[in-house]
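*Asks:* Shown below is the structure under consideration.
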Amino acid sequence: MTKKKAFTPLLYLASIVFLPWWISLSLNKSLESWVTNWWNTRQSETFLNDIQEKSILEKFIELEELFLLDEMIKECPETHLQKLRMGIHKETIQLIKMYNEDPIHTILHFSTNIICFVILSGYSILGNEELLILNSWIQQFLYNLSDTIKAFSILLLTDLCIGFHSPHGWELMIGSVYKDFGFAHNDQIISGLVSTFPVILDTILKYWIFRYLNRVSPSLVVIYHSMND
């Protein structure tokens, strides 16, 4: 019975780790064809930003010029003019579908992440007992560590997350999350987040050390500051 009680939280922890990946993969496969079909056939308008509109217009003009040049070389007016119009029409549809891939991926990834969040939230509420057991294990593990090990762990974690060498790691992480939600890569937004988010984390950490650790373990704070200096 004791082994079963110990095994259940571990099984729950493993499911928490692998469940998001499985849900995301399943939803992406099941929703992709539906979202693509809905966007390409049901939308009355095509949503393009200024950069996309300019780019697609340039490609359309280039395509039209190539078709016209081809027809001038062939010199067969009526039949080939009709084929020209059909060819331009088909290529225009392909161009629009190509530029619609970005919003399709944005909708797909954003919807998938929202559904994953809702499912995991419900799963966490249902597994409240297992979470309490895991939390007690973590607290017991941390309690058994010496103050020196705790201070070293905090220092290592803070240097990794908000140290002078961390911006590149934050850039990769934020870019990955940004891409996971289906948004197009934007250097300005990512740079803005990289320059502000670690600062906010640093402030929260210092406040936590000042308010919580000073009260719970003053010796740990002294060791931490000594190692940090």
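Any Cβ shown, glycine's included, is placed from N, Cα and C.
The following feature annotations were taken from Swiss-Prot:
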TRANSMEM  7-27  transmembrane segment
TRANSMEM  114-134  transmembrane segment
TRANSMEM  154-174  transmembrane segment
TRANSMEM  189-209  transmembrane segment
*Asks:* Six or more residues out from either end of the transmembrane segment (189-209), which same-chain residues have a Cβ under 8 Å from its Cβ atoms?
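*Replies:* Contacts of the transmembrane segment (189-209) (Cβ under 8 Å, skipping residues fewer than 6 from its ends): 154, 158, 161-162, 166-167, 170-171, 174-175, 178, 221, 224.
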*Asks:* In terms of Cβ proximity under 8 Å, which residues at least six beyond the ends of the transmembrane segment (114-134) contact it?
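*Replies:* That would be 5, 8-9, 12-13, 15-16, 19-20, 23-24, 27.
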